[in-house]
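Colleague: Have a look at the structure that comes next, please.
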There are 2 protein chains.
Amino acid sequence: MDSMWMPFLLTLLLSAAAADSSLFEANGVPIVRNISEINQDNYGRLGLSHITIAGSVMHGFKEIEVWLQTFAPGARTPIHRHSCEEIFVVLKGSGTLYLASDSHKNYPGSPQQFPIFTNTTFHIPINDAHQVWNTNEHEDLQFLVIISRPPIKVFIYEDWYMPHTAAKLKFPYYWDELSYGQTAPVKDEL
Amino acid sequence: MDSMWMPFLLTLLLSAAAADSSLFEANGVPIVRNISEINQDNYGRLGLSHITIAGSVMHGFKEIEVWLQTFAPGARTPIHRHSCEEIFVVLKGSGTLYLASDSHKNYPGSPQQFPIFTNTTFHIPINDAHQVWNTNEHEDLQFLVIISRPPIKVFIYEDWYMPHTAAKLKFPYYWDELSYGQTAPVKDEL
């Protein structure tokens, strides 16, 4: 085939694609998406399955982000804090929320323990250090996580007695990292 | 019993209550709540069950709000728009999203139809008029709704050809109304 036809064929192909473009938002994100077809990954964290259902970096949301996370028995988040609102809806399994509510000390201190289980909701007060742990040996723990002010900026503690000022900023976070690639994002209210 | 003991007994009772207060945030909202114990209501809308899992007016969240809604066969939202981000996660059933994406006209106009079903997620672009309808005659449609910038301010259309400027503001919205009571809330960026 002569290469002179290529621009025409390309136009035809693009027109065919555009026929469906009304199903998408201006930023290219489909309005309706099948969650089972969204990529899941453990992002290097043992026992984790993370799906970004609606994301800032991936999908262009500016005010809210929604994740579906599954923790195998024994899997847990790091001890961490962040300055966004965060709400969990537990879909399956059970586990423990560790929460250090006294933010007036120099370090989180010994956390309170809260049992969490299917069909509970829990929230993390802004900037309180916390950790979610699947302490059920027999069952996966699955929940939806909703955060505000994405993309998330996380300060990670090695233990509950590490000073707040020593907690290490992880930004971009694991699941946003690949989308940013090697380019550092613009800094905002970190 | 002599009334002189009352202050002492009250102190004792309050101390007993305070022993559990560490399970609550400063605003009195428990950190972990059982969704099946949260009040559900139809707020005068036929075929609706609405649960505010995490709310601005009810629970003090400032940036995100999470609802669990169930629509009986045939039940639907009004045609409406709002200036917040909104993300749905469909837990059960199927139905139709009607969405008028062309916000450059004077009225929403004929909407596009999107099939929605269990395990899909969909979002509403800011200020696009939309309607969610359980068009499945045999099954309830249940989803989680996540919005930003609560409490929600909703502009309601009688039909898809009503001018944007004629849409009627409903604020406070049905499930926030009772919490506000008769007192008009402070106006913000309505």
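Even glycines carry a Cβ here, placed using N, Cα and C.
The shown structure was predicted, so the numbers you read here are calculated from the model rather than taken from an experiment.
What TrEMBL records for A:His80, A:His82, A:Glu86, A:His130 is Zn(2+) binding site. Sequence annotations record features per position, and here TrEMBL assigns N-linked glycosylation site to A:Asn119. Taken from TrEMBL, the feature signal peptide covers A:1-18.
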Colleague: For the recorded positions A:His80, A:His82, A:Asn119, A:His130, return the ones with C-beta distance to chain B below 8 angstroms, or 'none'.
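Modeller: Filtering A:His80, A:His82, A:Asn119, A:His130 for a Cβ under 8 Å from chain B leaves A:Asn119.
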Colleague: Which one is it: of the binding-site residues A:His80, A:His82, A:Glu86, A:His130, whose Cα lies the shortest distance from the Cα of A:Asn119 (N-linked glycosylation site)?
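Modeller: Closest candidate to A:Asn119 (N-linked glycosylation site), judged by Cα separation, is A:Glu86.
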Colleague: Near A:His130 (Zn(2+) binding site), which residues of its own chain have a C-beta under 8 A away, given they sit six or more steps off in sequence?
Modeller: A:Thr77, A:Ile79, A:His80, A:Arg81, A:Leu97, A:Tyr98, A:Leu99, A:Ala100, A:Pro111, A:Ile124
Colleague: Tell me the coarse DSSP state (helix, strand, coil) of A:His80 (Zn(2+) binding site).
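Modeller: A:His80 (Zn(2+) binding site) sits in a strand per DSSP.
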Colleague: Give me the count of other Cβ atoms within 10 A of the Cβ belonging to A:Glu86 (Zn(2+) binding site).
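Modeller: I count 21 other Cβ atoms within 10 Å of it.
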Colleague: Are there any residues in the same chain, six or more apart in sequence, whose C-beta is under 8 angstroms from the C-beta of A:His82 (Zn(2+) binding site), and if so which?
Modeller: A:Ile126, A:Asn127, A:Ile147, A:Ile152, A:Lys153, A:Val154, A:Phe155
Colleague: Taking DSSP three-state, what's A:Glu86 (Zn(2+) binding site) in: helix, strand or coil?
Modeller: strand
Colleague: Look at each of the recorded positions, A:His80, A:Asn119, and point out the one with the fewest other Cβ atoms around it within 10 Å.
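Modeller: Minimum Cβ neighbour count within 10 Å, taken over the recorded positions A:His80, A:Asn119, occurs at A:Asn119.
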